[in-house]
Every structure is written in C-alpha cells, then in structure tokens.
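Trainee: The structure is given below, and queries will be raised subsequently.
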Amino acid sequence: MAEVRNKRITFHVGCLIAIFVCTVFGPGLQSVAALAWLFYPFLIHYGRNGTTRWPMWIVLAFVWALGSWVANMGALRVYDDEGSFGIESLEVLGYAAALVILMIPSVLVDKLAWKQWGEKYPLLTTLVFPAAYAGTWRVFFYAMPFGALGHVATTVYQWTDLLQLASVFGADGIAFLMAWSGPVVFHKLYSESQIKYDSVSDTMETLQEPQVKEQAKKSVNKAVQFIKTPIGVYFSSVFLVFLIGGFRISSWGTGGFFQKSISHTAPEYIDYGCVISDGTYRDATSLFARSQTLVNRGSRLILWSEEAVIMNTTVLETQLLQNTSKFAKANDIFIGVTYQVFLNQNQDSSRNMMAVYGPNGDQLILYQKTHPVPLAEPGVIPGPEGIPTVAVKNFTGHNPSTSLTLGTSICFDVTGFPQHDQYAAWNSVDIVLQPLGLGVRSRTKIILKCFTRCENGVTVFRCSSRGFSAVVNGFGVASYQKQTTADEDFVATVPVAKRIFSLFPFFGLAFGWVCLGRTVLVQSGWFGCVYLNGERSGMLP
C-alpha cells in the first residue's frame with residue numbers, strides 16, 4: 001500500500017514539476033521551442049491520469065498559472081536590473097491566471113473524450129484537445145487587450161519553415177499543431193491497440209523468393225497501417241507543414257520555382273536610419289539635428305522611436321509638422337516623426353502620434369496609435385481602427401518606376417492583434433513603418449513580429465528606443481536587427497520587397513473559431529446524451 005502511495009506521489013510531483021519547467025521556459029522567459037512542445041505530453045498525461053479528484057484540477061491550474069506568471073514576468077521584464085518587482089507583477093499574474101482559467105476546460109474536455117471514445121476512435125480523439133486549445137486562444141485574443149503576449153507560437157519563430165503555417169491558419173494553426181502532440185504521444189505510449197512492429201531484416205537472407213515477396217508485402221502493409229495511426233497521421237502532417245513551408249520560402253523567396261540569376265532576383269535596398277529618443281525631449285531641434293547626421297550618412301528613410309518628443313499644446317504639434325515637411329523636402333527623403341501631445345493642462349489626456357512626410361514635403365500619413373498599452377497608457381486616446389496607407393514612387397531613391405504601398409502602426413498596435421494587421425493585407429500594404437518606445441525591453445517583441453508578419457506577408461521597419469530595432473520581412477525572417485538603447489542612432493542598408501501573398505487575411509481567423517465551435521457543439525451533444533438520456537453516445541468526437 002505504501003509503495004503504491006509513493007508511486008502516486010512521485011507521479012504527481014514529477015508531472016507537476018515538468019509542467020512548471022516547460023511553462024516557464026516555453027513561451028516567455030526563454031522561449032525554448034523543445035520545452036514548449038514537451039509541455040503538452042506532460043499536460044495530457046497529468047490531465048488524464050492525475051486528476052482523479054477535483055482538488056488536483058486546482059493544483060494543476062495553480063502550477064500552470066505560476067509557470068505562466070514567471071515566464072511573462074521574464075518576457076516583459078517586470079523588474080528592474082537589480083531584480084526588484086513592481087506593481088506590474090500583480091497585473092501579469094492576473095493575465096496568467098485568466099489564461100489558465102480559460103485553458104483548463106480544454107484539458108477537461110480532452111479527458112472526457114478520451115474516456116468515452118479513446119478506444120473506438122483513437123485518431124479523432126487526439127484532435128479534441130488541440131481543437132479546444134486553439135479555439136481557446138482565439139477567445140483569449142478576442143477578449144483580452146494584451147495581443148499575442150505569451151502565445152505558444154512565439155516559441156517557433158526560428159523554425160522558419162514551420163512558421164509559414166501562420167500564412168494560412170495564423171498563430172492558432174501553430175498552437176493546434178503543437179497541442180496535437182500531447183494526445184498523440186499519450187496514445188503511442190499507453191494505448192493497448194498500438195501495432196507491434198517486428199524486424200524482418202535478420203530473416204530476409206534465409207527466406208525463399210516467394211517468402212521474401214510475402215514478407216515485403218507485409219512490411220508495406222505495416223507501413224500503411226502505421227501512417228493511419230494517430231502518431232503516423234501527426235508526423236505526416238508535421239512533415240507536410242515543413243515541406244510546404246520550405247517550398248514557400250525557396251520558391252517565392254527566390255523569385256520563382258526555377259532558380260534564377262542574382263541579377264533577376266536581387267531586391268532593391270534602402271538606407272534606413274533610426275533616431276532613438278528616451279521620451280524626455282520637449283523640443284525637436286536636437287532630434288532634427290541628429291536626423292540630419294543620418295541624412296549625411298546616406299539615409300533615404302528616417303524613423304523616430306515612439307513618442308520621441310513630448311508637447312503640451314496642439315500649437316507645438318503644428319510647428320513640428322511644418323518643420324518636418326521642410327526637412328523632408330530639403331533633404332529629399334522619407335521621414336516618420338513621432339510625438340505625444342497633451343490635450344489639457346492636467347496632462348491626463350493625450351494622443352500618441354506619427355506623421356510621415358515624403359521627398360516633396362507632402363504629408364503622406366498622420367496616424368494615431370490604435371491600441372494603447374493597457375494600464376501603462378491610461379490617458380492615451382485610441383485612434384480609429386485600421387492602418388492608413390499611401391502609395392509612393394521611388395521609395396529607395398534608385399528606381400523611379402518602383403511603386404510601393406506604405407502603412408504605419410505604433411508599438412503595441414502590432415503585438416498580435418490579427419484584426420488590426422489584416423487591414424495592411426487587405427489594402428496590399430508592402431511595408432509597415434513601426435516606431436516603438438520603452439515598453440518591453442526583452443526580445444519577445446521581435447519574436448511576436450516574426451509570426452504576425454508571416455500571417456500577412458508584410459515587411460515591417462521597427463525603430464525601438466529600448467529593445468530590438470529590426471526589419472522583418474513577409475516570411476517572418478528578420479533581415480536586420482539591432483539592440484538599441486536611448487540616444488543611439490544607426491543607419492542600415494536593408495532589402496525592400498513587395499508584400500508576399502498569404503491566405504491568412506481571407507480566412508485565417510476563422511480557423512480558431514471553427515475549432516471552438518466544433519468543440520462546443522460536439523461536447524454539448526455528448527453531455528446531452530449522457531445526462532439527459534442517461535446513456536453514453538457513440539457520437540464521433
């Protein structure tokens with residue numbers, strides 16, 4: 001009896017520690033992709049075997065939330081360099097708790113489906129959890145104002161071929177594929193109906209020719225049977241995702257299916273300058289002087305980091321815009337200036353703005369930040385939803401016949417708000433100019449932009465005052481990145497490309513909602529059969 005109890009304790013402690021570790025070092029703190037994938041087999045294993053009593057669901061939720069809290073604390077850098085925590089740590093804890101509360105039902109639904117249909121429909125049963133999980137992420141995206149922070153898709157940002165799945169199904173598709181691994185591994189390890197495979201290599205030499213053919217036929221049949229098993233279907237699906245993703249990058253990234261010479265596929269380049277501000281400037285004179293230095297170094301495009309200059313009146317705003325127009329025309333460049341303007345003397349209401357001017361001194365875009373950071377920007381008035389766009393000629397300064405469409409977003413606007421990003425794709429935007437402020441100081445932000453860029457095929461130019469300034473292309477690959485701090489300017493020669501076609505803007509968001517609807521309808525039907533009719537149904541999961 002004591003031995004059985006000790007084994008149970010070892011099982012609970014081991015699984016919970018593994019879940020905690022995989023959560024901490026999955027999406028967030030370190031974003032180790034292998035641990036993020038390993039999280040799901042442990043979660044399903046514990047969800048199906050460890051939750052024999054309802055208090056264990058509370059324990060699971062607590063460990064999961066604690067790990068998510070630590071991971072997001074590390075990702076968001078909600079502590080200073082000495083390791084002291086601020087009030088924001090409680091806010092991040094609330095975020096992690098809300099996420100887990102929404103996610104726990106997906107594990108419960110998986111356990112119910114496994115008990116009811118696990119033996120009869122093993123393959124379809126493995127799809128219950130990933131569908132519920134991906135659908136829950138869609139709800140979380142829709143209901144919470146934090147964008148894609150902490151999303152599991154951020155862990156695979158360096159797996160470029162896999163990342164291309166986001167161009168069809170978005171982050172929800174990547175979450176589905178990763179979560180699917182949990183039920184599949186569990187089925188492989190614990191199902192009694194697994195096919196046994198016998199080695200035939202040692203006996204082939206002693207068999208007669210008819211026997212060899214028969215044995216070969218059996219081997220082929222076993223291979224076909226393996227592909228039909230849950231783990232066979234899963235690995236075949238993963239292989240296809242990598243295969244198609246590789247072809248997408250290899251073909252579209254080089255100008256076509258057949259390889260062409262560099263002279264036909266080399267992109268145009270632009271000298272891109274970034275002016276970094278610490279957000280304390282009350283006058284733009286020094287910022288224009290630093291911009292002039294970048295012009296002298298060859299910059300054709302200059303961006304200021306978010307809220308580069310702070311103004312107390314709209315009169316100063318007008319003066320800044322007039323000076324920007326003169327500066328752009330005098331230097332024959334594109335320039336995007338950023339500022340915050342307070343709308344009253346109490347300074348409790350403001351607009352976070354960006355203005356883009358072209359070589360002729362014309363105002364191309366005047367943009368107001370759409371998604372202020374929750375809690376951090378309580379007085380910032382959100383602008384109208386959408387991304388303003390403008391078609392420009394000779395963007396690089398080397399080819400007057402080249403036409404590109406520019407768009408703008410500010411910082412948190414493109415931290416995983418799919419509806420916002422879709423405006424860029426729907427309007428055929430090629431390049432999004434994105435200034436960032438202090439905000440998140442870790443590498444998480446650059447990771448988030450990788451899969452959101454892949455979703456819509458748009459290149460983004462980032463100028464961050466404390467974090468990663470970068471150029472991320474439509475494949476989700478950072479063609480240039482640099483860690484930048486306050487008052488550190490730079491010039492980089494970067495490729496310029498047109499938007500890469502993707503399917504996600506047309507129906508990608510529907511994938512998560514379909515997963516959610518399928519889970520709700522099927523499981524509701526099952527509960528109805530069980531509790532209303534008093535008998536279990538054979539309905540497919």
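Cβ from N, Cα, C; glycine included.
These figures come from a predicted structure and were not determined experimentally.
The transmembrane segment annotation in TrEMBL covers 16-42, 54-72, 92-109, 121-143, 163-186, 231-253. Marked as domain 'CN hydrolase' by TrEMBL: 270-498.
Locate each feature and note its surroundings.
Mentor: Packing against the transmembrane segment (16-42) from elsewhere in the chain are residues 59-60, 63-64, 66-68, 70-75, 150-159, 178-182, 185-186, 443-444, 447: each is 6 or more residues past its ends and has a CB under 8 Å from a CB in it.
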Trainee: Cβ under 8 Å to the transmembrane segment (231-253), counting only same-chain residues 6 or more beyond its ends: which ones?
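Mentor: Here the qualifying positions are 123, 126, 160-165, 167, 177, 180-181, 184-185, 187-188, 475, 500-501.
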Trainee: Give residue numbers and ranges for long-range contacts of the transmembrane segment (54-72): same chain, 6 or more residues beyond its ends, CB-CB under 8 A.
Mentor: 12, 16, 19-29, 43, 46-47, 78, 92-93, 95-97, 99-101, 103-104, 107-108, 149-150
Trainee: Would you kindly list the residues that approach the transmembrane segment (163-186) from elsewhere in its chain, counting only those six or more residues past its ends and only Cβ-Cβ distances under 8 Å?
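Mentor: Residues 36-37, 39-45, 48, 110, 114, 125-131, 133-135, 137-138, 148, 151-153, 156-157, 230-231, 234, 237-238, 241, 244-245, 248-249, 416, 418, 450-452, 454-455, 457, 475-476, 500, 502-504, 508-509, 511-512, 515 contact the transmembrane segment (163-186) from elsewhere in the chain.
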